[in-house]
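Pasting a structure here, questions to come.
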């Protein structure tokens with residue numbers, strides 16, 4: 001008896017399983033879940049219940065329609081013979097009609113007798129129909145299962161065939177690769193043989209080329225002497241022609257000269273053609289000569305020129321044609337083809353060009369100029385300039401920019417005069433604006449720069465003067481920025497610039513010396529003159545400013561001011577008491593000793609200098625420091641040197657410009673204006689300027705933008721030209737250099753000066769084996785674009801007093817980019833040095849571990865030749881390396897394969913014991929040979 005589940009039966013009846021379960025429960029069939037099995041008796045009970053509930057004699061359901069759909073697959077061969085699987089869907093629809101045999105009009109009594117047999121027959125027919133339906137469903141399920149089984153078997157068969165074909169293809173490919181490798185090896189051997197032959201041929205060709213070059217040099221020297229002689233004769237002839245042109249009415253007699261004309265020789269023609277490169281398009285005398293008859297190629301030049309100088313109007317009005325003007329008559333008055341006419345025409349051009357004197361042009365060469373522009377200025381073809389540069393060893397294109405030095409050398413080589421010029425420079429207008437200002441110069445406060453070695457107390461000295469604690473706020477207690485302050489004293493205002501003393505901040509100290517009037521040289525009494533002290537003295541002397549020496553830490557017990565004076569005298573800083581010009585003042589930043597004397601000496605020097613500057617004028621000054629603030633944008637600390645800077649002024653600073661939106665003093669308070677010698681912080685520039693750039697106030701914002709754009713373009717072109725000039729030199733250096741490891745880094749700092757100093761310090765760490773490669777250096781926080789650049793260049797990112805934003809941190813974590821944060825320059829340099837040390841290849845050293853003497857040699861089966869040895873010193877270990885000495889001469893170096901002691905394989909044998917030693921891949925040993933055993937150890941290297 002067939003059975004299926006409630007869910008399957010519900011899907012056949014197109015009902016939900018829940019509805020079918022309710023009907024089964026009402027029919028007395030206990031089924032709890034859709035997965036329960038249904039038997040044929042359960043279905044009959046359900047059918048009986050439904051018939052009873054709907055009634056059999058009411059006639060409500062007279063017609064039942066059953067729809068059946070089945071899907072099967074058949075395999076059909078197509079035209080190519082391949083078997084294709086076709087899906088076949090069969091739909092069947094059957095309608096069952098219940099017929100009522102009751103005849104209308106018959107009596108009530110007779111009706112049961114007639115209708116009862118009909119109802120039983122109908123029930124029996126219905127049950128038979130349902131049984132047939134169930135059987136058909138079961139048969140359909142069996143067909144589907146068999147079709148699925150056949151499909152699975154067919155799929156497995158196809159997979160097996162595909163695997164067999166793949167294995168056969170792999171074997172075929174392996175065989176093909178083996179054949180190709182054999183062919184490649186044969187080709188490589190042939191290529192090596194060809195390379196050797198080619199190298200020999202090249203060596204022979206080089207030797208021949210050297211001999212030819214020597215011969216060519218001798219020939220060129222002789223040709224140059226001949227050329228000079230011909231040029232001298234041509235100049236003399238040109239002078240004679242000028243003299244004849246002074247009297248045009250005089251008829252010249254045709255007379256054959258004694259020596260041949262310079263224009264008749266090919267070499268002379270080439271020289272004459274070279275001389276005409278600088279000649280204008282039309283010159284007096286050349287155009288009439290072109291119209292002269294060309295009939296007699298051997299005629300005297302004076303006879304030809306006489307007709308042209310006579311000024312024949314018919315000759316002047318003659319139309320120029322592409323052919324010969326003489327009607328095709330050749331040199332011997334015979335008609336000739338196009339070749340003869342061309343030679344005649346060339347001869348005429350040579351005769352015209354010979355007496356022309358080369359014109360020397362004064363070429364104005366800017367900082368950068370392209371090859372095409374340079375050729376245009378010299379009135380020659382660009383190909384001539386390219387040839388000249390190729391002779392100098394530079395491969396250039398017509399649009400390639402040249403730096404000023406290279407361009408001037410080319411101009412001189414071409415026989416012209418080179419003049420340094422900056423034409424069309426919009427900065428010329430700035431001088432006019434400044435020179436147009438007429439303002440009264442008034443006394444101004446001195447600008448004093450405090451310089452000295454690191455940790456000698458510069459910032460602490462300023463702390464006491466300012467009554468502030470600046471040094472405590474600096475990272476590591478060392479200054480890493482230029483600090484600008486102005487202090488009001490009873491005798492006037494003094495502006496102080498505090499420069500870093502660390503060796504990395506050389507550029508900052510140089511900027512501080514250039515912007516200052518007086519230098520306070522700080523030297524610790526207990527430390528003396530140090531390297532940065534000497535450097536500060538050089539900067540001060542180069543700037544030509546007076547030096548006031550402050551001997552700090554004078555209250556310490558181990559202070560020795562006299563030693564400091566002697567060391568400074570050796571550096572040509574002589575104290576006043578020794579007859580010099582520099583006052584020496586011992587001071588203490590803790591007790592305040594000597595501070596007043598120091599300020600008095602500074603103000604005394606300022607009075608001697610008579611410092612003055614205009615006040616009611618547009619401001620000019622110097623950019624001390626610059627940074628990119630996240631909230632405020634580009635911020636620059638500037639020192640006003642003359643004039644008055646106000647909020648709203650248009651400022652030009654280097655390659656940037658902008659309008660001053662806000663101005664703060666050193667205490668962070670807003671101010672409206674700043675006079676001479678006052679440091680302020682300004683906002684509103686278009687970009688971060690370079691520290692050390694000069695700034696000025698202009699009246700026109702448009703002009704300021706133009707000048708800034710011009711400066712940026714000039715800087716970019718100059719940089720590009722210098723890079724191009726250095727490329728050829730670097731090619732050979734890179735070819736000769738070995739395998740050099742690169743350590744790419746990206747630097748982001750809070751201010752321009754710190755970024756510059758950190759980059760210089762890290763680049764100094766480069767060695768012959770490891771090179772620090774600066775991918776990018778900038779000012780501001782670490783952004784996502786910086787991290788993406790680090791991903792592309794595989795660089796590490798160093799942040800100095802800055803941090804990465806959220807997006808940059810997320811990108812760095814996802815791509816394993818190293819982000820390093822520092823606030824002390826010492827730490828950044830030390831950690832990068834340690835990282836570079838880790839990149840160095842370890843050093844391999846040999847360490848001797850023992851020696852042995854071979855006393856006997858025997859051959860063991862399955863082992864080979866064994867050295868019966870006595871360990872004289874140290875020990876011998878398995879797999880250690882050895883040197884075989886015979887008569888104190890090393891004849892072999894190899895590895896010990898095994899060591900045996902009393903037929904036992906051991907790891908080591910110490911001094912004083914005998915053992916058998918098997919040498920790896922070596923058997924030529926004799927009695928009396930010595931064995932030295934050693935190990936190779938790798939030792940980490942440091943920078």
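A Cβ is built for glycine as well, from the same backbone N, Cα and C atoms used for every other residue.
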Of the residue ranges 57-85, 376-404, which one carries the region 'Disordered' annotation in Swiss-Prot?
57-85
Pick from 472-476, 477-481, 482-486, 487-491: which range has region 'G2' per Swiss-Prot?
477-481
Can you say which of 452-459, 460-467, 508-515, 516-523 is given as region 'G1' in Swiss-Prot?
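Of 452-459, 460-467, 508-515, 516-523, Swiss-Prot gives region 'G1' for 452-459.
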Mind giving me a neighbour count for residue 452 (GTP binding site)? Other Cβ atoms within 10 Å of its Cβ, every protein chain shown.
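Around the Cβ of residue 452 (GTP binding site), 29 other Cβ atoms lie within 10 Å.
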Could you list the residues of the same chain, at least six apart in sequence, whose Cβ is under 8 A from the Cβ of residue 554 (GTP binding site)?
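The answer is 525, 561, 586, 587, 588, 593, 594.
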Enter the number of other CB atoms within 10 angstroms of the CB of residue 499 (GTP binding site).
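There are 29 of them.
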Given the binding-site residues 455, 458, and counting only Cβ atoms in the protein chains shown, which has the most within 10 Å of its Cβ?
458
Could you give the number of helix, strand and coil residues in the compositional bias 'Basic and acidic residues' (123-166) as assigned by DSSP?
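Computed counts for the compositional bias 'Basic and acidic residues' (123-166) are 44 helix, 0 strand, 0 coil.
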